[in-house]
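Chemist: So TrEMBL lists these for the protein:
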- B:1-26: region 'Disordered' (REGION)
- B:10-20: compositional bias 'Acidic residues' (COMPBIAS)
- B:25-138: domain 'Thiamine pyrophosphate enzyme N-terminal TPP-binding' (DOMAIN)
- B:182-206: region 'Disordered' (REGION)
- B:213-348: domain 'Thiamine pyrophosphate enzyme central' (DOMAIN)
- B:406-553: domain 'Thiamine pyrophosphate enzyme TPP-binding' (DOMAIN)
């Protein structure tokens with residue numbers, strides 16, 4: 001085909017980064033990942049959980065936890081999703097989520113939102129008093145005990161639970177289960193109404 | 001009503017509407033929902049779990065086209081949706097019937113084509129037991145549809161279908177599916193389906209925010225090097241006329257994407273045709289050097305953008321799209337305008353303070369058109385060039401001729417060397433790149449537009465994937481001309497092997513392929529062979545004039561490659577015009 005060769009052509013001056021955002025050709029711009037809490041109201045019906053979780057895996061969003069449970073309305077459930085992504089990824093996750101038909105609304109909860117997680121930690125039953133003492137330090141309590149094991153319940157922020165589990169390691173941790181975060185905005189604001 | 005080149009079929013409004021029998025079963029309710037939505041044609045294949053639905057179809061005025069394979073059913077429905085603008089409908093049974101539909105559903109999803117798929121399912125009590133011909137159809141198709149429904153009750157199955165129909169058509173169009181367990185369709189009900197309505201959670205934006213429109217209009221008017229990038233969404237929104245008015249009024253050069261072909265007439269002086277991997281040199285030069293791009297109804301696919309780091313890197317981007325999730329997904333939108341393309345173009349038209357001062361830029365675009373013409377050699381002593389066949393055919397046919405294609409080199413030549421001037425005349429598989437799309441797509445297109453000429457360019461590899469569809473086209477007495485641009489290879493793969501894999505032609509060349517003219521005759525069609533320049537026009541004319549299906553087996557130069565070419569992830573402005581250029585970039 002006729003025409004000037006690639007090195008003989010008029011060339012643009014600019015450049016975009018990998019997210020398609022125009023950048024100063026001299027300066028490298030990267031968006032650092034941050035953690036975001038997305039709260040979504042969804043129609044309470046079969047398949048909705050798989051639809052949402054499939055979306056996150058298919059679009060390669062980095063998801064830390066996903067919890068789901070009923071709300072005051074029998075027809076809707078609430079999902080709380082912790083993701084860690086650069087800013088454009090968080091924005092895209094919100095838009096893709098909103099696009100799913102069973103999703104009623106989506107919002108990112110602000111930094112100071114109330115976030116709670118529950119963990120059950122099963123440790124060796126050799127030193128039950130010491131276990132209780134540590135549980136007290138974290139406002140936890142023993143919920144089951146046998147001659148060989150004690151199971152402790154802890155509720156709180158992710159950081160608090162991380163710290164508690166670290167402390168329980170001295171008792172030979174046998175099993176851990178964590179729920180992932182549940183979160184609500186502080187004040188009167190809800191997902192359905194902006195105040 | 002969509003913007004179609006042909007006059008819509010006249011409907012006899014004098015005849016009083018026949019009194020409809022009340023429904024008695026779930027299956028009747030399904031068919032009633034389709035009737036209410038205005039369905040003319042269903043493309044499908046029978047089978048155990050879908051039999052109750054077919055039985056209800058027996059009493060309906062809806063036409064059913066029995067396809068040779070379910071993949072063809074979904075592609076034919078897709079093409080029907082592309083040409084009419086209304087959802088195409090396909091049926092399949094459970095298990096293999098449903099899985100065979102999947103390719104066509106995924107194809108429709110990638111190209112935002114309106115399709116509704118109804119699949120049979122084993123009776124509810126057997127679901128989950130790995131029953132005969134059971135598969136998790138909703139699970140398989142959920143990621144490739146706007147929504148997949150599992151019909152749970154005979155009383156509500158009609159509403160499910162109505163909603164799926166409305167959803168396929170609403171906002172950004174796309175495929176939906178309803179899985180129909182046999183007990184649900186067989187079960188008794190007296191509940192008539194409701195009118196097609198989208199689910200309450202589904203919001204369809206119409207007009208864009210006025211303030212955003214104003215800002216975008218000012219940015220565009222300020223531009224020195226403006227372009228319009230018109231995507232498939234312009235055609236889907238029936239915004240081609242709005243686009244033409246806008247571009248002509250403000251004298252802005254227009255580039256289309258591949259799905260946007262036909263949204264702007266390629267013979268207009270403002271047209272730069274289409275950009276991307278195999279787009280014209282002038283479109284890619286303009287994309288590369290623009291300082292303000294008005295992009296409409298496009299998702300900035302990688303075959304269009306090349307590497308995003310070098311995509312229109314000097315441009316402010318105004319992005320009109322009905323799907324908020326497309327805004328800034330691949331290319332950042334400086335001015336996002338969320339809404340219906342036709343509405344927003346009208347808003348923008350009114351908001352423009354003046355035309356951009358772009359005389360110099362338009363001259364530059366014209367210079368590029370002169371510098372990078374879409375030329376090819378036709379020496380008499382060499383085998384037939386595919387480009388020549390396409391060009392001749394284009395010159396001989398009316399503007400509203402519909403072109404369908406498979407996927408591969410032939411598809412690129414059909415898009416490069418045919419002159420498109422009308423929307424809904426280019427029917428192809430873009431996003432998914434489905435070889436085998438052409439044969440069934442032409443069937444759907446012809447039934448959608450019986451008064452328009454339909455030609456399907458296919459490759460030998462692509463044609464063989466769905467060739468059994470010829471039996472359907474002959475049975476339905478469809479007047480379609482198939483042209484197989486036969487280079488005895490999966491040509492695009494062969495081209496890449498030569499360019500990027502040191503010529504190691506693994507599994508791309510066919511040591512032996514059938515004689516397609518004879519194959520056509522066996523199916524009951526007319527077969528032709530083309531081997532030289534001598535009788536190209538004559539053969540095309542004979543095939544066109546034959547009142548029925550004809551297949552031209554065109555033996556083309558097996559060494560011919562598609563150019564211009566932007567290698568995958570490359571820089572649009574550095575497109576190669578020949579093999580040597582590939583080594584330079």
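Using N, Cα and C of the backbone, Cβ positions are placed for all residues, glycine too.
Structural setting of the listed features?
Modeler: If you average pLDDT over the domain 'Thiamine pyrophosphate enzyme N-terminal TPP-binding' (B:25-138) in this model, you get 98.
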Chemist: Excluding the flanking five residues on each side, which residues at least 6 beyond the ends of the region 'Disordered' (B:182-206) place their CB within less than 8 Å of a CB in that stretch?
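Modeler: Hits for the region 'Disordered' (B:182-206): 22-27, 29-30, 32-33, 36-37, 48-49, 51-53, 56, 120-125, 147, 151-159, 161-163, 165-167, 169-171, 322, 324, 338-340, 343.
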Chemist: Looking only at the domain 'Thiamine pyrophosphate enzyme TPP-binding' (B:406-553), how are its residues distributed among DSSP helix, strand and coil?
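Modeler: Counting residues per DSSP class in the domain 'Thiamine pyrophosphate enzyme TPP-binding' (B:406-553), I get 66 helix, 26 strand, 56 coil.
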